[in-house]
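Annotation source TrEMBL lists domain 'Response regulatory' at 26-140. As annotated by TrEMBL, 4-aspartylphosphate applies to 75. Here TrEMBL flags 148-246 as domain 'OmpR/PhoB-type'. What TrEMBL records for 148-246 is DNA-binding region. Residues or ranges marked as domain 'HPt' by TrEMBL: 260-367. Residues or ranges marked as phosphohistidine by TrEMBL: 307.
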């Protein structure tokens with residue numbers, strides 16, 4: 001194995017464990033962003049796992065061949081190799097541990113590609129820590145023969161073999177019809193399900209169905225999900241149908257971090273300090289691009305920094321920074337595709353991101369450029 005520095009513990013070996021008993025489940029985290037890797041590692045250790053953190057795909061593959069892991073958490077954007085290629089290579093080598101992909105790529109085709117290449121679940125940055133825990137717990141509960149017969153939506157696990165829904169580790173008290181309804185909506189997560197399709201799934205042709213039967217089942221399902229703390233809800237689109245959507249992400253993006261949140265997610269203030277460094281880097285990018293607005297190398301580095309901040313800032317409880325970083329990433333990507341516009345098209349987004357960091361981390365206001 002190549003001896004490279006871990007993203008969570010600079011200067012130490014790429015693989016490390018936390019000194020816990022070897023009998024505890026062992027998890028491999030493959031993430032090159034040291035802040036996100038550190039956060040995931042802390043959360044897993046707090047749950048009793050032994051954790052190895054790698055920042056490079058090459059090291060992760062070597063570790064997975066040498067060590068029997070209970071679970072692997074893999075980021076797609078790795079510096080030496082695409083995470084999808086890593087997962088595909090692991091499956092070719094018969095490495096069967098469940099894999100949770102974590103990435104800022106949130107398009108449907110990205111998720112489909114990840115699952116098609118061998119991942120068992122997919123978590124989009126920025127993510128809420130409770131959702132990370134729930135997805136990890138769900139994956140660890142799955143026997144290999146049942147992997148394809150469970151549906152996961154936020155902290156809800158729909159077990160189609162046991163005919164049971166687990167929400168945050170607790171069995172939800174659902175009737176048979178309510179379970180069938182939840183299973184259908186979970187299978188079509190984020191997609192509208194027409195009322196007629198629900199009727200066909202819940203009733204036979206010979207059943208007499210009252211006009212408001214589906215509405216009544218939807219109402220009861222909502223009550224049960226709310227009572228057990230589900231981080232997903234059933235939305236109604238009048239005249240169109242119903243869909244099950246995750247609320248965790250929306251709540252995480254809308255919530256402003258309080259002192260308790262920041263103390264838990266960033267106990268030593270390392271991420272806040274990293275934001276101050278990133279703020280200075282953004283200012284340097286602005287200076288460089290002012291003189292040469294079409295320098296693709298500089299634009300590429302700026303796009304990479306923005307991409308990292310999209311996931312890391314949102315995960316650490318800075319939604320405004322995450323949203324501004326996403327706008328900048330998209331703006332720079334568009335600028336690189338258009339030689340005529342260059343940096344000018346992305347400049348407002350860069351100013352917005354710098355302002356968002358200044359508002360979130362006031363000490364950076366006192367840092368001046370040389």
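Every residue, even glycine, has its Cβ placed from backbone N, Cα and C.
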Residue counts (helix, strand, coil, in that order) that DSSP gives for the DNA-binding region (148-246): 37 helix, 27 strand, 35 coil
Euclidean distance between Cα atoms of residue 307 (phosphohistidine) and the residue listed as '4-aspartylphosphate', Å: 13
Averaged pLDDT, computed only over the residues in the domain 'Response regulatory' (26-140): 86
Around the Cβ of the residue listed as 'phosphohistidine', the count of other Cβ atoms that are within 10 Å: 22
Three-state secondary structure, which DSSP defines for the residue listed as '4-aspartylphosphate': strand
Tally of residues which DSSP labels helix, strand or coil - the domain 'Response regulatory' (26-140): 54 helix, 26 strand, 35 coil
Residues in the domain 'HPt' (260-367) grouped by DSSP into helix, strand and remaining coil: 90 helix, 0 strand, 18 coil
